[in-house]
Amino acid sequence: RCAGRVEVQHNGHWGTVCDDDWGLPDATVVCRQLGCGTALAAPLGAWFGEGMGPIWLNGLRCRGTEERLALCRHRGWRPHVCAHEEDASAVCSGGLCMHRPGVHRHGMHRYGVPVLTLTPASLPGGPTMRLVGAAGRCAGRLEIFHDGQWGTVCDDLWGLPDAAVVCRQLGCG
């Protein structure tokens, strides 16, 4: 499912969105902008873990009809006095949000640089995982997000049945 902490890019730097006034209309705009279906939930309190860097947006007041998050009312693009324990999240109805470089979407800059993303993409209650270090999202070294940080998985007793579970969970077949 397309879900995670909301992160935005501003002036070439990634940052998060504060959950003050955050609600379903805001998550609706995020899901629409990323092409991830409709919003199912707008979790508060860093539900998907705390982000890093600046907190670019605060006090978002989307109506839910805007095409992009940047078009919603907010308190300005600047670092805000808000702790990362208040990072906003969104849970959308669609599958994983994947964009191909060079494809213009509202979630993308015209040069293929993402300006909005949900990270990490997992549902609450289970471990968050990703594959890194190889081409594409369905190959690479397995990492798990736990207790606010990414770590690797030991290969002792690892086999094809384990890899099949990871592939299935990541929507890779």
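Backbone N, Cα and C define each Cβ position, glycine as well.
Per TrEMBL, disulfide bond is recorded for Cys18-Cys82, Cys31-Cys92, Cys62-Cys72. The domain 'SRCR' annotation in TrEMBL covers 1-93, 129-173.
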Other CB atoms within 10 A, centred on Cys82 (disulfide bond):
20
Out of these disulfide-bonded residues, Cys18, Cys31, Cys62, Cys72, Cys92, which one has the fewest other C-beta atoms within 10 Å of its own C-beta?
Cys72
Helix, strand and coil totals (DSSP H, G, I; E, B; other) for the domain 'SRCR' (1-93):
17 helix, 27 strand, 49 coil
Using C-alpha positions only, work out which of the disulfide-bonded residues Cys18, Cys72, Cys82 is nearest to Cys31 (disulfide bond).
Cys72
Work out how many Å separate Cys18 (disulfide bond) and Cys62 (disulfide bond) at their Cα atoms, rounded off.
14
Compared by Cα position, which of the disulfide-bonded residues Cys62, Cys72, Cys82 is the closest one to Cys92 (disulfide bond)?
Cys62
DSSP on the domain 'SRCR' (129-173): how many residues come out helix, how many strand, how many coil?
10 helix, 14 strand, 21 coil
Rounded Cα separation (Å) that holds between Cys62 (disulfide bond) and Cys82 (disulfide bond):
19
